[in-house]
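Feature annotations, reproduced from TrEMBL:
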type     : residues : note
TRANSMEM : 25-47    : transmembrane segment
TRANSMEM : 53-73    : transmembrane segment
DOMAIN   : 97-241   : domain 'Palmitoyltransferase DHHC'
TRANSMEM : 147-167  : transmembrane segment
TRANSMEM : 201-225  : transmembrane segment
DOMAIN   : 318-396  : domain 'SH3'
Amino acid sequence: MNFLSNVVTFQNLHEVRRLCHWGPVIALSVISICSTMAILDSIIWYWPLDTTGGSINFIMLLNWTVLILYNYFNAMFVGPGYIPLGWKPENQLEAQYLQYCRVCQGYKAPRSHHCRKCNRCVMKMDHHCPWINNCCGHLNHAYFTSFLLLAPMGCSHAAIIFIMTMYTQLYERISFGWSTVKIDMSAVRQFQPLMPFSVPAFAATLFALGLALGTTIAVGMLFAIQMKVILRNKTSIESWIEEKAKDRIQHYQTGEDFIFPYDLGTRWLNFKQVFTWTGSPKGDGLVWPVHPKCHQHTLTIEQLKQKADKRVRSQVQYQAVEDYNGACCPLSKGLQTFFRTPCTEEPRIPLIKGDTILATRGTKWWMYGDKVLNEEHNIVGDRVRGWFPRRCVEKCHYDTAASDSTSDKKVN
């Protein structure tokens with residue numbers, strides 16, 4: 001029953017709108033092109049269905065396509081699982097160890113994070129993936145990782161079909177000399193194809209080969225990254241939190257011994273937290289098994305410490321000296337700013353000359369931070385945060401706290 005409950009359903013029709021995004025459009029187009037061309041090439045020119053090998057090859061190609069689409073759509077529509085709106089811990093004393101989400105009007109459960117794209121707090125959030133137009137988290141982590149495994153395997157099979165098709169159809173047509181290429185159009189083929197292997201067919205096969213090889217390499221690397229964190233029972237976000245914990249301890253020389261709380265000791269136990277025979281991950285997304293030396297809020301306490309440290313060390317006040325319209329690649333701000341735009345779906349924030357921004361991080365050409373809102377625009381839960389060109393702002397060289405206290409004395 002648990003498995004059946006996770007199969008794609010369309011009870012909420014608004015979920016179908018996730019398909020109307022550049023990520024799923026590109027992903028499904030690549031899957032369709034590679035699958036269709038592999039089947040056509042093998043049937044028409046390379047391995048016809050009237051042979052045993054051709055029939056097995058055809059069934060395998062269909063099998064890859066079905067498995068890839070099954071895991072892809074489950075990763076998209078099952079979703080990561082969301083923390084209920086307005087959620088509070090049963091023990092109110094535990095609230096002091098948790099972060100409060102102003103958007104969801106509730107506390108963030110351990111391992112959960114708020115996604116600005118989904119506009120919800122996500123259970124065990126790993127990242128927001130544009131290719132499925134959804135978050136990867138607690139409920140769909142196994143489906144997403146299975147898709148990352150199956151896609152390179154299916155594309156590798158398709159790539160072999162493309163290579164062998166072009167080899168068998170062109171080998172006896174093309175004879176390579178030391179300095180010339182001689183085309184022999186009267187060569188005798190080993191078997192009679194259903195139609196001639198024309199120039200358009202060659203171009204389509206070559207294009208599909210490029211897609212298959214690119215997908216195999218790119219998605220295969222993503223699978224390796226995902227398996228690395230799964231075998232340690234982490235998420236990509238938690239790996240970053242752990243790195244920042246080590247940096248904080250080293251910076252302040254606190255002598256703390258930070259232990260990641262969700263590593264259960266062996267790769268097999270960590271693996272079984274995500275992949276199960278029922279298809280549903282272990283746990284309810286709110287309470288998690290932890291290391292014997294840790295407790296449920298070990299990581300959330302560390303996150304609170306890092307937020308306090310971030311306010312002390314990172315936030316630097318800047319003032320806008322140029323207007324910026326929020327464009328992703330603003331050509332008017334210089335070629336370096338145009339070409340070095342951050343490769344992320346995080347938003348850009350428009351600036352008006354005189355705006356105040358609290359920057360938290362940045363690159364040589366771009367910065368990221370929070371815009372300080374005026375009182376009339378400061379709505380509860382509202383927060384304007386994103387990237388902006390570095391050339392549009394200048395660092396404030398005065399102490400705002402001191403200036404505020406001085407102005408208060410003058411008023412008094």
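Going from the start of the chain as shown, residues are counted 1 onward.
Keep in mind that glycine also has a Cβ here, set from the backbone N, Cα and C atoms.
Sequence-distant neighbours of the transmembrane segment (201-225) (same chain, 6+ residues past either end, Cβ-Cβ under 8 Å): 30, 33-34, 37-38, 41, 45, 145, 148-149, 151-152, 155-156, 158-159, 162-163, 165-166, 169-170, 195, 236. Residue counts for the domain 'Palmitoyltransferase DHHC' (97-241) under DSSP (helix as H, G, I; strand as E, B; rest coil) come to 69 helix, 22 strand, 54 coil. A Cβ distance under 8 Å defines the sequence-distant neighbours of the transmembrane segment (53-73), meaning residues of its chain 6+ beyond its ends; these are 8, 27-28, 31, 35, 38-39, 42-43, 47, 132, 143-144, 146-147, 150-151, 153-154, 157-158, 161. Averaged across the domain 'SH3' (318-396), the predicted model reaches a pLDDT of 85. DSSP labels the residues of the domain 'SH3' (318-396) in these numbers: 11 helix, 27 strand, 41 coil.
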